[in-house]
Structure formats: structure tokens, C-alpha cells
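Structure first, then comments.
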Amino acid sequence: MTTQPPQDQTSTTPSLPPHLDPTTYPRTLTSATHNIHLELTYSTLNPTVALEHTSSPAAGANVLFLGTTRNTFEGRAVSQLSYTSYPPLALKSLMSIATRAAEKFDLKGVYIAHRLGVVPISEASIVVAVSAGHRGMAWKAGEEVLEEVKEKVEIWKREEFVDGGMEWRENRERDAEGRLLSSTEGGK
């Protein structure tokens with residue numbers, strides 16, 4: 001006769017894998033060399049923190065982008081978005097994008113934070129902040145960083161609709177103007 005080890009009677013909820021457990025967040029990665037700050041979090045995003053991280057006496061321009069949850073998608077009422085990620089890969093991809101942008105545009109700072117879990121209507125799911133010596137480089141860098149994050153980073157979005165339906169989507173199914181990309185033009 002074999003005995004089974006005693007089961008923990010105090011927990012009836014199965015434990016989540018660490019990458020899905022909000023209590024293991026925020027996950028961050030930084031680079032002092034290029035003043036890069038990256039974060040994946042289940043908490044509300046704070047644009048003031050983003051600007052504090054990218055602030056530099058050598059910067060004449062600071063660009064801040066907030067991506068927020070819309071209330072409709074293709075005519076369907078959206079109740080909320082939900083994001084998931086595999087943090088080790090996502091942070092590595094974010095660092096690659098941020099480092100490349102810092103070097104290409106001579107940035108003084110880069111901050112990227114992406115929210116995971118449920119993101120209600122009107123709340124931010126992504127914050128991108130960059131600082132540069134001049135506005136032209138900052139504008140270009142901010143847009144390029146955002147588009148590369150949407151195209152390359154291991155973060156997936158589930159749109160949840162008021163009618164009860166839901167759809168998983170890649171972050172990069174549409175261009176900056178909202179036009180649908182074909183599978184050969186973009187996406188993972």
C-alpha cells in the first residue's frame with residue numbers, strides 16, 4: 001500500500017505559473033549606458049514616472065505616448081482589453097528595440113512600460129517616453145519605438161466585447177493609421 005503525500009488543504013486555487021501571477025510583477029530591466037527603463041506590470045501606468053526616467057539636462061525634447069483602450073473595434077463595443085506576455089522574451093525584445101533607438105537617434109533616455117492583465121476602457125496599456133537633444137529626433141524615435149514594440153515584442157492582446165465575444169490578436173495587426181495589415185506586411 002502506498003500513501004499519497006498530504007495535500008495542502010488551505011489552498012483550493014491552483015497556483016499560476018510565475019509569468020501569469022500578478023504578484024510577481026512588476027518585471028523591470030534597465031540599462032545605465034543608454035538610460036533605458038523597461039517595465040511589464042499589472043498596475044496602472046504612470047506617465048509622470050516615464051518622464052522622470054527620461055529627463056536629462058542634455059535633452060531639449062521629451063516625447064510621451066500613451067496607448068489607451070478604445071470603446072469600439074470595427075463597430076463592436078469593447079468592454080476591456082486583456083494582455084499577456086512571456087516576460088523574459090518580452091523584456092529582451094524591449095531592450096533590443098530601446099538600445100537600437102537610443103543609438104540611432106542619440107537619445108538621452110528611453111522608457112517603455114506595458115500593462116498586462118485587464119486594461120479597462122480609457123486606461124493606458126502602453127507608455128513610451130523618449131528624450132533627445134532636439135524634437136525631430138525625439139518625435140521620430142518615439143514613433144519608431146512604438147511601432148517596433150507592437151510588431152516584435154512577445155505581448156498578446158485579447159479584446160473582450162460587450163456582447164460577450166472575445167478575440168485574441170497580435171499587437172501588430174494594424175498600421176499607425178489603423179489600417180489592417182496583411183499577414184505578409186507585419187505581425188509576428
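Each residue, glycine too, has its Cβ placed from N, Cα and C.
The feature region 'Disordered' is assigned by Swiss-Prot to 1-23.
For 1-14, the entry in Swiss-Prot reads compositional bias 'Low complexity'.
The annotation substrate binding site is assigned in Swiss-Prot to His134, Arg135, Lys150, Lys157, Arg158, Glu159 on the grounds of sequence analysis. Counting Cβ atoms from all protein chains shown, Arg135 (substrate binding site) has 12 others lying within 10 Å of its own Cβ.
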Assigned conformation of Lys157 (substrate binding site) - DSSP reduced to three states: strand
Pairwise Cα distance maximum in Å, substrate-binding residues per record: His134, Arg135, Lys150, Lys157, Arg158, Glu159: 37
